[in-house]
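*Asks:* Here you go, one structure.
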């Protein structure tokens, strides 16, 4: 009986760890990160510049975030 309870507990723990690591991997895969400020490197296809900035790719792949007002 103790072996069955231990196995159930172990299974639950493995499931929790696997679920947590898959969610973290999903965040990394989706490219979640902080936004990029002025003159920071960006990706034109991902819109990762902060609000008020746009990604300028005059010399790809060296794209940088530029101010919308300037």
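Cβ coordinates come from backbone N, Cα and C, glycine included.
Under the heading signal peptide, Swiss-Prot lists 1-20. Annotation source Swiss-Prot lists disulfide bond at 35-50, 42-55, 49-65, 57-63. Taken from Swiss-Prot, the feature asparagine amide covers 69.
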*Asks:* Which of the recorded positions 42, 49, 55, 63, 69 has its Cα closest in space to the Cα of residue 35 (disulfide bond)?
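*Replies:* So, spelling it out, the nearest of the recorded positions is 49.
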*Asks:* Which of 49, 55, 57 (the disulfide-bonded residues) has the most other Cβ atoms within 10 Å?
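*Replies:* When each Cβ's neighbours within 10 Å are tallied, 49 tops the list.
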*Asks:* Would you identify which of the disulfide-bonded residues 50, 63 has the most other C-beta atoms lying within 10 angstroms of its C-beta?
*Replies:* 63
*Asks:* Could you tell me which of these disulfide-bonded residues, 35, 42, 65, has the fewest other Cβ atoms within 10 Å of its Cβ?
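*Replies:* Counting other Cβ atoms within 10 Å of each of the disulfide-bonded residues 35, 42, 65, the minimum falls on 35.
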*Asks:* Pop the Cα-Cα gap between residue 50 (disulfide bond) and residue 65 (disulfide bond) into the table, whole Å please.
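*Replies:* Cα-Cα distance, residue 65 (disulfide bond) to residue 50 (disulfide bond): 8 Å.
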*Asks:* Are there residues of the same chain, six or more positions away from residue 69 (asparagine amide), whose CB falls under 8 angstroms from its CB, and which are they?
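*Replies:* The answer is 52.
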*Asks:* Do you know offhand how many angstrom separate residue 42 (disulfide bond) and residue 63 (disulfide bond) by C-alpha?
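*Replies:* Taking the Cα atoms only, residue 42 (disulfide bond) lies 5 Å from residue 63 (disulfide bond).
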*Asks:* Pop the Cα-Cα gap between residue 63 (disulfide bond) and residue 55 (disulfide bond) into the table, whole Å please.
*Replies:* 6
*Asks:* In three-state terms from DSSP, label residue 65 (disulfide bond) for me.
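*Replies:* Where residue 65 (disulfide bond) sits, the three-state DSSP reduction gives strand.
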*Asks:* What does DSSP call residue 57 (disulfide bond) in the simple three-state scheme?
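*Replies:* Assignment for residue 57 (disulfide bond) reads coil.
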